[in-house]
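Since the structure comes first, as structure tokens, the remarks are kept for the end.
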């Protein structure tokens, strides 16, 4: 054997024995930059066979899926008899990983032996490596989490981003996902070398990964985009922080606190831009990998404090009793709230009803870009504020949007249209006024907002919710969820009013999008004076005045039931009309 051949054999042996070395060679072949320190650290963790059940969490854009595909190839090179199952949220995503694995095998000449032989499986979704012995299960199989998981056994299961916004936004969706991942136990070979590896980024505060850690004995290793920014964040990470980062941080926490962990990949300027784009909560989830946000003090606006029920469009009960319990919990509506923040109807309500008193349409005009023109339709009655409709339009204040808003005003027979004048110095009102007049006669009022938006929202809405004076028409929640879409028309729960409401905090940039929420806040602020009424007291006073006025009328006999409106309250009574003498003379 020539000296060159000897050197080649030594290099190949080194690559086969060291995944980090293999990664450097592969990155070079792919014309990628040299692996960064965090990528190298991830490679070491993956190659450590002692990690049997663990969750690898790394910030968006670090390349964890690429590294894991490389790990699959390297693992099969070392032991071609292993069976690996790749599961992703969608079939397409799983297949992309499978295709990339095949491309790696085709790319590196020293991996020729891994190419499928004639007669072996050789498809995108399922293939064998050359030295693999005939077996019921393929060497590599890719499948979506909702696909056909059964029928194969695996030595290693890699769950790559099985949690995405569309399958984790509501409590019902999260429960379904949790049920699906329980199948992994039946698919994993009962061997001491078998492994389950989750790769992912938390999508919600109630992330699947937290449940796995708390209830299934998984360990979590985290590579956040920044070193811990506070003592509280450091305490949350604890032993979860990648050992390399933990050692670096402990040695120089004063200099490293809040600094980028991998400045070659993302420097501070890049990360600041992403924080503005995702909002503080989104950035903390997807770049800091910290789902520990479910704090009642931090997030004061909760769905459970509202009353959600079906509503008549003309009248409503005079008062409600709020008492959240299992009997009045609504599990059919899409719930985008935090964990434990359930949707409830009322416990009981008054038999007396009244016509709605004020009817307003509120508009938060937007400019161009990613903002929506948010709107809300609010009614009032006896100290309660009713949310009848809410939504947003993605195209600023185009003619189409103005027409749609004017039609909303007519549909709900509003008396007043309220808009925020900060945008364009009142220009929206001048543009909208003639369009509104064409469809509906209503007053047009502008409100100028002052101070930090997040503080305004929390300070305005918290008293309404904490006193249970907000009543939400049940279909508003369903429609809001279905219409939450980004500028490209893709479903994005961050545009939902109730997602924005439950993630709002008293800090700058708490949520990335707040257009629907700000419109709702504007309407509540406009109607705030109506909340000064004591619903039960007002109802009693109206009834007492009614009775006092008619106590002196003679009663002749039992008659038929009559209804009438008194001070906005609808009353029912039995009247005698035998001789033309009415018990109550209206």
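Keep in mind that glycine also has a Cβ here, set from the backbone N, Cα and C atoms.
According to Swiss-Prot, the region 'ATPase activity' annotation covers 1-229, on the basis of experimental evidence.
For 58-65, the entry in Swiss-Prot reads motif 'Walker A motif', with the evidence type experimental evidence. Long-range neighbours of the motif 'Walker A motif' (58-65) within the same chain, counting only residues 6 or more positions beyond its ends whose Cβ lies under 8 Å from a Cβ of the stretch, are 36, 38-39, 42, 97, 160-161, 199, 201, 222-225, 262, 265-266, 286-289.
The annotation region 'Nuclease activity' is assigned in Swiss-Prot to 344-429 on the grounds of sequence analysis.
Residues or ranges marked as Mg(2+) 1 binding site in Swiss-Prot (evidence: sequence analysis): 364, 518. Sequence-distant contacts (6 or more apart, same chain, Cβ under 8 Å) of residue 364 (Mg(2+) 1 binding site) comprise 373, 374, 375, 419, 420, 515, 516, 518, 519, 522.
Positions annotated as Mg(2+) 2 binding site by Swiss-Prot: 364, 420.
Positions annotated as region 'Involved in prohead binding' by Swiss-Prot: 571-586.
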Per DSSP, three-state class assigned to residue 518 (Mg(2+) 1 binding site): helix
Surrounding CB atoms that lie within 10 Å of the CB of residue 420 (Mg(2+) 2 binding site), all protein chains: 21
Local confidence of the prediction over the motif 'Walker A motif' (58-65), expressed as mean pLDDT: 89
Reduced DSSP assignment, residue 364 (Mg(2+) 1 binding site): strand
Cβ neighbours of residue 518 (Mg(2+) 1 binding site) where a neighbour is any other Cβ within 10 Å: 26
Composition by DSSP (helix, strand, coil) of residues within the region 'Nuclease activity' (344-429): 20 helix, 36 strand, 30 coil
